[in-house]
Amino acid sequence: MALRSVVSRKTLAPALRHYRSLTTFTLPDLPYDYGALEPAISGEIMRLHHQKHHQTYVTNYNKALEQLDAAVSKGDAKGVVQLQSALKFNGGGHVNHSIFWQNLKPVSEGGGEPPHGALGWAIDKDFGSLEALVKKINSEGAALQGSGWVWLALDKEQKILKVETTPNQDPLVTKGVSLVPLLGVDVWEHAYYLQYKNVRPDYLTNIWKVINWKYASEVYEKESA
Amino acid sequence: MALLRSIAISSNKTITLARSARSLTTATLPPLPYSYDALEPVISGEIMMLHHQKHHQTYVTNYNSALELLHTAMDKGDVSAVVGLQSAVKFNGGGHINHSIFWKNLRPVNAGGGEPPHKKLGWQIDTDFGSFNALISKMNAEGAALQGSGWVWLAFDKELKRLKVETTANQDPLVTKGATLVPLLGIDVWEHAYYLQYKNVKLEYLKNIWKIINWEYAGEVYEKEAQ
C-alpha cells in the first residue's frame, strides 16, 4: 500500500518529463555543388536558397522548438497554440527544402533522365504519359497564387499518383495524411527570380532537365510496397 | 389579370435584353508618376521596371480576362462559373488595386520622398502609436514576419477613427481585413518587390523604403477620409 503512494504517477511523471530531450535540426548538405545544376538553376540561386533561406528555416524552427518545449513544460497552453504558426512555417520550410535538394540532380549524374520501372508505369496509368504529367505540374505551378509548392504525390491509401499544391511552406501532408511527396517544385519567387525574373513558366519548363527521377522512384517503390 | 400578367412577363423579357447591352469597364496599367530609376538607390530601376511593366501589367491583363469571362457568365446566368471566377478576380483585381496604391506611396527623394508626415496625420500617428519611429518599427516587424507573399499596410479605420497596422496575404486588398479600413500606405513584401537588390534580406528593404515614402499622399487620403 505504501509502495503504491511512493510510485504514484504524480511523483514519477514530473521526473520523467524533465528527462525528455529536445532534438534540434541542422541544415542538410547539398549532394552536389552550387553550380552543378546550371544552366537550369544558377549557382547564385542555389547558394542563397540553401545557405540563407533553408538555413533560416532551420534556425527559426529550432528556436520555435525550444520555446515549445518550455511552454509544454510549464503547461502554458496559450503559448503552445501560439507557437504553431512558427512551427508549421519553419518546420515546413525545413521539411520541404530537404526533399527539394534530393529532387534535383546534375545532368552529368542522371538529372533529367525520365523515370523507368514501377514509377514510369504508374505515371502512364494515372496521367496518360510523362509529358501530360509535366504539363499538369507546370500549369498548376504557374497558376499558384503567391508562394508555395507543386507536388507529385503518391496517395498511399488510394494507391494513385496525384498533383497537389500547397501554399507558403505547408508540407504536402497538410493536403492529406496519406499523401507521400515524390517530387516537390518550389515556386516561391526566391527559387527562380534572380535568373528567370517574373517568367515562372520558363523556370518550370527548365527544371525538368535536373529532376532526379531516381530518388522519386525509390520513394515510390518503398511506399507502394 | 391575365392580360396584365402577360404584359409584365413580356416586359421582363425586354429587361433581359437590356441586360445584354450592359457595358464592361476594363482596367489599364496606370503610368508611374516618376521614371524607373528615380527611386534609386532605395529601389533599383530594374526592379521598378519589372514590377510595373511585368507584374502589375500581368495583373491588369488577367483581371480584364477574368472580367470578360465574368461578364459572359453573368449574361448566361451561369452561377457555377461566376463563383469559379472569384479567385482570379480577387487575385488579379487585388494585384491591380494594391500596386496602383503602391506607386503613389513612393516618391523620389528630390520630390519630397521620405519627408515625415506633418499636420493631422502626424498627430494621429503620435496618438495611435506613440511616435513616428514606433509606427515604422511596427510596420517593419510585421512586414518581416509575414509568411509567404503579401502586403503590410498603414490603415485608417473610418469607423473607430484610428490608425492601424494590418497585413494581407498574397494580393488580398486591405478591405478584406475590414470594410471600414482605408489604405494610407501599403508596402509590397512579395519577393519580387526586393529580391534582385536585397536578396533574402527583406528587413533591409523595409528599413530603406522609408527614405522614399510619399507621406504627402498618405496625409491627403487621411484628411479626406477623416472628415
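Every residue gets a Cβ built from N, Cα and C, even glycine.
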Listed in TrEMBL for the Mn(2+) site shared with B:His99, B:Asp188, B:His192, one of B:His51, B:His71: B:His51
Binding-site residues compared (B:His99, B:His192) - the one with the fewest other Cβ atoms within 10 Å: B:His192
Within reach of chain A, those binding-site residues of B:His51, B:His99, B:Asp188, B:His192, CB-CB under 8 Å: B:His192
For the Mn(2+) site built from B:His51, B:His99, B:Asp188, B:His192, further residues of that chain with CB within 8 A of the site's CB center: B:His52, B:His55, B:His56, B:Phe102, B:Trp190, B:Ala193
Packing count at B:Asp188 (Mn(2+) binding site) (other Cβ atoms within 10 Å of its Cβ): 25
Counts by DSSP class (helix H/G/I, strand E/B, coil) across the domain 'Manganese/iron superoxide dismutase C-terminal' (B:118-218): 51 helix, 25 strand, 25 coil
